[in-house]
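These come from TrEMBL:
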type	residues	note
TRANSMEM	7-28	transmembrane segment
TRANSMEM	40-65	transmembrane segment
TRANSMEM	86-108	transmembrane segment
TRANSMEM	128-155	transmembrane segment
TRANSMEM	167-190	transmembrane segment
TRANSMEM	210-236	transmembrane segment
TRANSMEM	248-270	transmembrane segment
TRANSMEM	304-333	transmembrane segment
TRANSMEM	345-365	transmembrane segment
TRANSMEM	371-391	transmembrane segment
TRANSMEM	411-432	transmembrane segment
Amino acid sequence: MSQRETWATRTGFILAAVGSAVGLGNIWRFPFQTSANGGAAFLVVYLAAVLLIGIPVILAEFAIGRRANVDAVKAFRNLDKPNWRFVGAIGILASFWTLSYYSVVGGWVTRYIAGSVTGNALAAPESYFGAVSAGVPAVITHAIFIAVTIGIVAFGIERGIELATKFMVPSIVVLLVILAGFAATLPGAGEGYAFFLSPDFGVVAENWQSILPAAFGQALFSLSLGFSVMITYASYLGSDDSLYADGLAIAITNTFVGVLAGLVVMPLLFAQGVPPGEGGAGAVFIAIPTALAELPGGGLVGQVIGVVFFAVVFIAALSSAISLLEAVVAYAVDTFGIARAPAAVGLGIAGFLLGIPSALDTAWLDWFDGLGVTLFLPLAVLAVVVFVGWIMGGEAVDELRRGSSLGVGPAWLWSLRTFVLVVVLVVVALNFNDLFLTPETGYYIVPAPLQ
Ligand code: TRP
């Protein structure tokens, strides 16, 4: 049997994982969630959520992956717990599911790079978004985006994903710093910063019932947990380094990029008097282009900034899509012995087909997103926490000891068994409430187009 692939460098692994974590969520969700929930006060809560929930769970996925050295389903066989293969299977299913519509949004971003070059995307943002976000144009850009994703994954871990993300992640940071520097020069930037970060602990104290679970949920989502992605990426680790240090580095960089995105987006919107809104697609594809069009310089400045901004969003989305496809491809390669390139092409095309409804109608996209994020993600995280905490147990602590003399393994295990488990259970319960019990206010299990 040929040798299984590994990352060439430890930094390569960290950057690939950061590439997965840094995505649309950091740009269109995190800054708006922060500003709506008490600014810097929310940031404190979020940092606590990352530290108390995000890092313990990412370590749990790392421990499974590095110990088992194989895809996220077969991993449980290698750990002598074959009945628990469903844990990895939910994650892989979630990855495949998410890839299908993530790529549709990636396609919009691709289109917006071109639309910024020509200026069309800035001329009439609302109708432009309507024209490119659904129907045949969206199917075409969806195909382009997923083809690029396939192209990188087909080259494998070292020559594909590691090489690509080694350039992509630093580019995201450098370009965001440049954009933030530009945004700082705009009149009204101060107002944007104040809106984004000025601390209001009263808001947190008053709405903690909703803010705490929101922060915990976002910490899990933002670190790409529950998708078998971190299990898969850690399975390619060849040498033993400190997983604590790696997890911490990934979490810090991911949070840093979210804050940086806010320092770009908020001043830009405030300088042009564009209402910040609630984030999401409306912010990135309508509010930002509206603000860009009003920058001084006769439109040209707006176009240049627009190209850079959408390039950042593109790179962020692509490095996340790569990890989604890789989790599924690793399964085909390791469990079924299929060669990497055909597996990437075949599964990529399957993901493209599954995404067609989302490309044709954004109501389908919302439904796919709702089910993935509210149902699959928390269930998969719950399964990982129970498995590592109560089934793998001491073996997981041993795994973290490889490459680290830090003695916090037992405390980590007990936090998984108790605190983390309870918090994840609460998140699951709240999400199920949204899914099944409150169709008027939350996600509903029956897709809107079919209602
Ligand atoms: N972390 C990504 C973001 O913030 C979204 C995401 C969630 C993701 N789970 C994932 C990306 C799994 C890749 C793989 O946008």
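Positions of Cβ are set from backbone N, Cα and C atoms, glycine also.
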### Message
Under 8 angstroms, Cβ to Cβ: which one of 210-236, 248-270, 304-333, 371-391, 411-432 has the largest number of such pairs with the transmembrane segment (128-155)?
### Response
304-333
### Query
Per the definition of 3+ C-beta pairs under 8 A with sequence separation of 6 or more, do the transmembrane segment (248-270) and the transmembrane segment (167-190) touch?
yes
### Message
Cβ under 8 Å, sequence separation of at least 6 from the ends of the transmembrane segment (345-365): give me the contacting residues as numbers and ranges.
### Response
96-97, 99-101, 103-105, 107, 133-135, 138-139, 142-143, 146-147, 149-150, 153-154, 281, 325, 328-329, 332, 338, 447-449
### Message
How about long-range neighbours of the transmembrane segment (411-432): same chain, 6 or more residues beyond its ends, C-beta under 8 Å?
### Response
52-53, 56-57, 59-60, 213, 216-217, 220, 374-375, 378-379, 381-382, 385-386, 388-390, 393-394, 396-397, 400
#### Entry: Distal contacts, the transmembrane segment (7-28) - CB-CB under 8 A, six or more residues away
102, 105, 157-158, 161-162, 165-166, 168-170, 172, 218, 221-224, 229-230, 233-234, 236-239, 241, 246, 249-250, 253-254, 257-258, 261, 265, 279-281, 283-284, 312-313, 316-317, 319-320, 322-324
